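S.K.: Okay, handing you the structure first.
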Amino acid sequence: MTLGLSLGVVVGYLVVALALGLVAYRVSETTAEDYYLASRSIGTLVLLFTTFATLLSAFTFFGGPNLAYAAGPEWLIVMGTLDGVLFAVLWYVIGYKQWLIGARNSYVTLGEMLGDRFGSVGLRALVAGVSLLWLFPYVMLQQMGAGEALVGLTDGAVPYWGGAALITGFMILYVAVAGLRGVAWTDTLQGLFMLSIVWVAAAWVVSALGGVGAATEGMLAARPEFGSFGGGAYTPGFIVSSAVTIAFGVTMFPQINQRFFVAKSAATLKRSFALWPVLVLLLFLPAFMLGAWAAGTPVTVPEDANVLPVVLGEYTPAWFTALVVAGAMAAMMSSSDSMLLSGSSYFTRDLYRPLVDADASERREAWIARIGVAAFATLAFVASLFRPGTLIEVGDTAFSGFALLAFPVICALYWPRTTRTGMVVGVAVPQATYLLVVLSSVLPVVPTLPRTVLGGWDVALGLMVLSGALTLGVSLFTAPTEESDASRFAVVSD
Amino acid sequence: MTRLRSDLVWIPTFAILVAFAVPWPLWGVDRVVAGLPVWIWWHVAWLGLCAALFALFVRSGAWERGMGRRPAAGSVDRTVNGAVDRGGDRP
């Protein structure tokens, strides 16, 4: 009975989200700009929550509490710093600048923006290709999260692959019918839903444990080291590298970066910027503290299971646990459908159209996009069945890959002297190096290269510095090409 | 140029806001205050401070001047360049 109820709640929630997408589709135009950017008409509340919900994925909702449970509540500090403060600053430095020039030149993708500035189809394709490469593990991460979530919720009655397949099906269906407007609308619903549900969950568990003070006391009795800041896995190197690579990586995520083009007005961006730290804290505080407090409860978390649903299962009724899992799955779905939608625009606009068929009709392009999404999601699903790492590990890999794009892009946005060769070298060399480091742990033919050095410092951080240095250095020694046009990125004052 | 020299103070301000969102001075401190480790309260208060200063950054017009634009007098609700607002959601 409870099994049916739990599944009913989860599937019911996903169906409601899909229905909302269909309504959004009814008011959509059939142009590419509407499909991908909702005609650049997204207002503050929707922009805030669509970006917010997109950031919220299995990484935040399951990976975060898992890490807090295993290593201590310091993860709250790492995520709060990177999402609440550093990302907000980048929101202005990268996001607002991109919005200004994007609105003037009608850009839809990052690759398109850079390709136009440097007059280079090759650079455009390179940026799109790199982005799609790192998008793959992140979509896979959502499928892994969903698979694990349903195993936990149903005590294994729904197998891991079943949960992963369910969410894959929903995300393909969703992206195929709704476009950005639908994605943005459901993101708002899901953002509000998750924000409230996670507080209810925390209140429920904390009152069962006898209050916040008692919950913390229990945690400290079981794991005394959780009380002091730092120590264990949380070395300064780990804290700084995670915060920097993830924050910069997030800005280059296709679905986040594309959000920089969709705002209706500057006011929308400004309001979102100022609200960001508070919103982030409101979500992370209860979610991660629940994970940390769980360490002091008698609850045992099975291997490969997520802490959050297990704790809720112990202290709250089955329907509520199902509701939280539904919220988390919805979070994964909104992350994934945004990613797939943006990924498909990168694919059709930056790879297919310039390289394969420049004269493809809009209709054909729309079909190519949808087939691309289905193929991409299915491949990620297959890869997710191998479970190549924990949620945090897989997520970190993707974030770091994207982070390597950030410095060259900032260079291009602010330094008119940046050249095409500088960009290509600054993007390609660190990417190739990082890919080698990542693949070396999977491929048996090469020795495994270290991912961190000197006590938790991520090699990606060094490669980020390299990407900036190469872009600057090579630009200084090369001349701008005929086709490049720095004025494309100039901000005009009206 | 519409940039003001006083706006430059925002650069170190942002750097400090980012750097000390991590409660470095409380490294290794294990005091519990009002039910939570004290360094968590530092972080909560710091993010509140960030939100307040971010709002001030926007209000003061430094947001626009930083990009070499004139801040809109009295209003932040304009649509820039007229190129983006197509009058809402309807087709």
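The backbone N, Cα and C atoms fix where each Cβ goes, glycine too.
The transmembrane segment annotation in TrEMBL covers A:6-25, A:37-63, A:75-94, A:121-140, A:160-180, A:192-213, A:233-253, A:273-295, A:315-333, A:367-386, A:398-416, A:459-479 (among others).
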S.K.: Is it true that the transmembrane segment (A:121-140) and the transmembrane segment (A:367-386) have 3 or more Cβ pairs under 8 Å, skipping pairs fewer than 6 apart in sequence?
M.R.: yes
S.K.: Do at least three CB pairs under 8 A connect the transmembrane segment (A:6-25) and the transmembrane segment (A:160-180), leaving out pairs fewer than 6 apart in sequence?
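M.R.: Contact between the transmembrane segment (A:160-180) and the transmembrane segment (A:6-25): present.
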S.K.: Decide whether the stretches the transmembrane segment (A:459-479) and the transmembrane segment (A:75-94) have at least 3 CB pairs under 8 angstroms, with pairs required to be 6 or more apart in sequence.
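M.R.: Since fewer than 3 Cβ pairs under 8 Å link them, the transmembrane segment (A:459-479) and the transmembrane segment (A:75-94) do not come into contact.
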S.K.: State the non-local partners of the transmembrane segment (A:273-295) in its own chain: residues 6+ outside its ends, Cβ under 8 Å from one of its Cβ atoms.
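M.R.: Residues packing against the transmembrane segment (A:273-295) from afar: 48, 52, 56, 60-61, 64-69, 72-73, 75-76, 79-80, 83-85, 87-88, 91-92, 194-195, 198-199, 201-202, 205-206, 209, 215-216, 218-219, 222-223, 226, 301, 307-308, 310-311.
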S.K.: What residues elsewhere in the chain lie close to the transmembrane segment (A:6-25), defined as a C-beta under 8 angstroms and at least 6 residues from its ends?
M.R.: 150, 153-154, 158, 166, 170, 173-174, 177-179, 181-186, 189-190, 318-319, 321-323, 325-327, 329-330, 333-334
S.K.: Quick check: do the transmembrane segment (A:315-333) and the transmembrane segment (A:398-416) share at least 3 Cβ pairs under 8 Å, counting only pairs 6+ apart in sequence?
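M.R.: Judged by the Cβ rule, the two regions do not touch, with the required three close pairs absent.
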S.K.: I need to check the long-range neighbours of the transmembrane segment (A:75-94): which residues 6 or more away from its ends have a CB within less than 8 Å of a CB in the stretch?
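M.R.: Same-chain contacts beyond the flanks: 55, 60, 64, 67-68, 229, 234, 239, 242-244, 246-248, 250-251, 260, 269, 272-273, 276-277, 280-281, 284-285, 288-289, 291, 406, 409-410, 413.
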